[in-house]
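Novice: Below, the features straight out of Swiss-Prot:
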- Cys41-Cys106: disulfide bond (DISULFID)
- 21-115: domain 'Ig-like' (DOMAIN)
- 20-41: region 'Framework-1' (REGION)
- 42-50: region 'Complementarity-determining-1' (REGION)
- 51-67: region 'Framework-2' (REGION)
- 71-106: region 'Framework-3' (REGION)
- 107-115: region 'Complementarity-determining-3' (REGION)
- 1-20: signal peptide (SIGNAL)
Amino acid sequence: MAWTALLLSLLAHFTGSVASYELTQPLSVSVALGQTARITCGGNNIGSKNVHWYQQKPGQAPVLVIYRDSNRPSGIPERFSGSNSGNTATLTISRAQAGDEADYYCQVWDSSTAH
């Protein structure tokens, strides 16, 4: 049976010395195959911080898909893109494929507070 929709879940993680920094995100995002998925990660003035995105499939280690807001590591398809401004960082997956179904983690790195 062909996949008709993907369920993308999101977990958030903050790295830095300010443990009280809070991130908000949808528990899941559903998208039809071939359509565009947008997964958000919200935080106060998150646009001033570095956001990294990871994809994790069951039984596998996380894979970095976007680093420092909008950069793709080698081997990651151009369908994956990122943006970060104001209070929201967004991971965009264009032309969604069945293989994109996974957990997606946003990691926020605040270099101004890290030691």
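Including glycine, each Cβ sits where the backbone N, Cα and C put it.
Neighbours and distances for these, please.
Specialist: Look at Cys41 (disulfide bond): DSSP puts it in a strand.
On the 0 to 100 pLDDT scale, the region 'Complementarity-determining-1' (42-50) averages 94 in this prediction.
Only residues 6 or more beyond the boundaries of the region 'Framework-2' (51-67), in the same chain, are considered here, and those with a CB under 8 A from a CB of the stretch are 41, 73, 76, 80-82, 84, 89, 91, 100-109.
Under DSSP, the residues of the region 'Framework-3' (71-106) split into helix, strand and coil as follows: 3 helix, 17 strand, 16 coil.
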Novice: List the helix, strand and coil residue totals of the domain 'Ig-like' (21-115) as derived from DSSP.
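Specialist: In the domain 'Ig-like' (21-115), the DSSP-based counts are 6 helix, 46 strand, 43 coil.
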